[in-house]
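K.L.:
As listed in TrEMBL for this protein:
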TRANSMEM  9-29  transmembrane segment
TRANSMEM  41-64  transmembrane segment
TRANSMEM  76-95  transmembrane segment
TRANSMEM  164-186  transmembrane segment
TRANSMEM  207-227  transmembrane segment
TRANSMEM  233-250  transmembrane segment
TRANSMEM  262-279  transmembrane segment
TRANSMEM  291-309  transmembrane segment
TRANSMEM  321-341  transmembrane segment
Amino acid sequence: MMKFTKQNFFFLVGGMIIYVVDIGVDFWVASRYFYQGQYSWSILILCFRGLSSLITQIFSYEWFKNDWEGTNTGKLKLVFLVHLLQCGIFIRYWFALKYGCQVAFKQTSSRDASETDPSNLIHKQAIDAVTDINMLRVFKTFLETTPQLFLQIYILMEHGKTHFYQYAAIIMSFCGISLSMVDYQISLRKSLPDKDEFRILSKFMYFFYKLLTITSWILSISLITLLNVRISVILLIFLWICGFTWTLKQHTTFCKSKKMEYLYRTVVGIILIFSFFNIKGRRTKVCISIYYATHTVVTLGILFVYMFWKPSIIEEICFTIVGILTISSLLLGIIFLVVYYSHFHPTTYCRPQACSDEADGVAGQKDRVETGRFQNFLMQ
């Protein structure tokens, strides 16, 4: 297990500030749309925010309940009330900052110290607290931030008129997606003993691979929505069904209760609409190839449909710019993907034993529920 450093503590503080600012920007943008009489856009933004908040609060409270099972009954009731008020994430930030401050500024832990040593226990609590926050941020990213980014881009393409608050929403969305992606991988490497260090170049390669492929896909969905909203909705529902079905076939064991497990699989299905990840910790060369090959075919198909359905639109500068951005970001994203997995993925320079463990599925599925939540949610 790697150290929780002062740098990690400051990143945690920065993440909390961005989280609060993001909430403020959402309500600001929604109020601006409402003031302009565009009630449907305002309601959609608030719906994305509300759905994301509700689901993340449910998962957060369930994790507290599982961690405190049989103890802290009074605290658990207070935690339930805070989550009911949609503020549970701030409890998690408080714990993470509390433990992180003790580890980064007040204590020094030895690598040779026993796992039962108090300093190492607090160290583990700090990493676990940050891990839970980053897992919740992944849920939020794909339940709220990514759909909002798609909505803002669609509005810009549909109406042409731009305002400062629209750019602010798009910038905050890109920041949210980018930070959650990188922070997730950092937490993954810190919290799992069989995962090796996530190096600087690996972070950049992973960042651009995810950002560019997601950008291309969002632009593609925006284009098909401009062409026909019903077709876009049908496509998104179909993709969610495919993702949900895949999670069922994977027999995930992320949650202790069946109801929470199905909610988890539902969320995974939504995430898979926008990005690929490995939920079983196994090698995914075939799956990831199929996933992005399908995205490439659908993206090119959308552009060809425009050429035949609305050939006059090709002459518009807006379509030309969006088309170039869509294809270039997809091409660059796949290049970063190939380079990342070929040369910068931690398994390319990890210890032989660690490589064999990862190839075998990270110590078996039955042990994962006991060893930690994060081993059941292995984004690649």
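Glycine too: its Cβ is placed from the backbone N, Cα and C atoms.
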K.L.:
In terms of Cβ proximity under 8 Å, which residues at least six beyond the ends of the transmembrane segment (207-227) contact it?
P.N.:
146, 149-150, 153-154, 157-158, 174, 177-178, 181-182, 235-236, 274-275, 292, 295, 298-299, 302-303, 305-306, 309-310, 322, 325-327, 329-330, 332-334, 336-337, 340
K.L.:
Given pairs 6 or more apart, does the transmembrane segment (9-29) have at least three Cβ pairs under 8 Å with the transmembrane segment (164-186)?
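P.N.:
Between the transmembrane segment (164-186) and the transmembrane segment (9-29), which are separate recorded stretches, there is contact, as judged by 3 or more close Cβ pairs.
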K.L.:
With a Cβ cut-off under 8 Å, give me the same-chain residues at least six positions beyond the ends of the transmembrane segment (164-186) that come close to it.
P.N.:
8, 11, 15, 18, 21-22, 25-26, 28-29, 32, 134-135, 137-138, 140-141, 145-146, 148-149, 152-153, 155-156, 198, 203, 206-207, 210-211, 214, 379
K.L.:
With CB pairs under 8 Å as the measure, which of the listed stretches 41-64, 76-95, 321-341 comes out on top against the transmembrane segment (291-309)?
P.N.:
321-341
K.L.:
With a Cβ cut-off under 8 Å, give me the same-chain residues at least six positions beyond the ends of the transmembrane segment (76-95) that come close to it.
P.N.:
12, 16, 19, 53-54, 56-58, 60-61, 64-65, 68, 125, 129, 132-133, 136
